[in-house]
Amino acid sequence: NPYAGLVSGLRAAWLAGKTRPMEYRVAQLEALGRFLDEKKQDILVALASDMRKPSFEVEISEISICRSELHHTLNNLGSWMKDEHVEKNLAIQLDSAFIRKDPYGVVLIIAPWNYPIHLLLVPLIGAIAAGNCVVMKPSEISKNAERLVVETLLSYLDKDCFAVVTAGVEETTKLLENKFDYIFFTGVPSVGRTVMMAAGKHLTPVTLELGGKNPCYVSDDCEVHNVARRVAWGRFFNAGQTCVAPDYILCSAEMREKLLPALREAIAEFYGPNPKESPDFARIVGDKQFQRVRALLGSGRAAIGGQVDEQERYIAPTVLVDVRPEDAVMREEIFGPVLPILTVAGEDEAVAFINARERPLALYVFSSSQKVLQRVLEHTSSGGFCGNDTVMHMTLPVLPFGGIGHSGLGCYHGRFSFDTFSHARAALLRAAGREALNAVRYPPYSARRLPLLRAATETRRAPACTVL
């Protein structure tokens, strides 16, 4: 296997304990901060070349979000690394019981192309904070971002403990044949299944961040112009190539008639009368991805947008109406600047529609009624939930980010990243003496000793507390 030597070398460094000291972890994290600062212009250029991503979008979604994650981790790493002491029963009152946060060892991070810096570095921050050695596999689709990572990132990190692998499908398959101690994958469900099968051969734990079709229910009691702006921003940011973008709208027929002109107005406000000429609207990353998204425009009718330019890989911000649930645009994650609107009679029908499909990575609800927000939150299931906005929930490092079911397995961000890449190791340190206290549990057994043993080891139900 072409990667066996690389993995074994990293494992030797981890077994030597090089990544365990807090000082080492902090030094590597601070080096990542210097990478973000010193290579900022290179990151802007790389993403402009790959998908003509506006520098403003790169700043907030690639650089700023990584810096925020990094600072949050550095601010809290000392407390996260401390042993977590636990409640003890009578039998071990004189002993020490705690949870030690151990690194897994050598972990693999496979990143996607749509946010190639953010979705590589944020899990990397958690892996470093937890004390692991890491193999990083950036996406080969975002070619310039991949080249930047390969040529510059390792100059900031310890090459004994961190490596970058460039790989297509065939090479990644070979890479996955190696035994890793943890695998973190961000991508589509079909590839996620392949990763999970490969991990299963070594009983390797995984986190899978897979995306999905994120519903957006708009109730009739909304301020329609605010809804339009927030939905349009979330859907058309990065030309719709965002795993948590609202994937379709559910609303009444009456709301649709109000929402369409408001969306048209918001798109014109954001990108001008011709979005193709706007410096603030990105392009589809590659020809294969362009052809796939363009084919989805055949569903329903384009009430807004619909223009394409194959040479530029441009697809206009598009809103589709008269879409049927069985249409192609509703059978797969869109991952492009296309927003279908489907009509429902009301909140109950919207909830039933959502629950009849795979559980999404994100679910959005717009309503001026807290009761509506709470009812939809209570009666649906999704990786994350955001009321009266889109995407913003994932910017908080104190909230877990991850899917459920078809949209993913596991979570990360902030403390959740540290926990994801740490093994919670149970530890009990008992005194070598005081043997007389242990005699009650030894053979030959005696029925009269059983109540004493149970009293010393069982957890009792706490009495109910009545508030007067």
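A Cβ is built for glycine as well, from the same backbone N, Cα and C atoms used for every other residue.
Among the features that TrEMBL reports, active site is placed at E209 (among others).
Listed in sequence order, the residues of the same chain lying 6 or more apart from C243 (active site) and placing their CB within less than 8 Å of its CB are N114, T186, E209, G211, G212, E333, F335, L361. Annotation comment: TrEMBL describes C243 (among others) as active site.
Marked as domain 'Aldehyde dehydrogenase' by TrEMBL: 18-424.
Taken together, the residues in the domain 'Aldehyde dehydrogenase' (18-424) have a mean pLDDT of 97 on the 0 to 100 scale. All protein chains shown were included, and the count of other CB atoms within 10 Å of the CB of E209 (active site) stands at 26.
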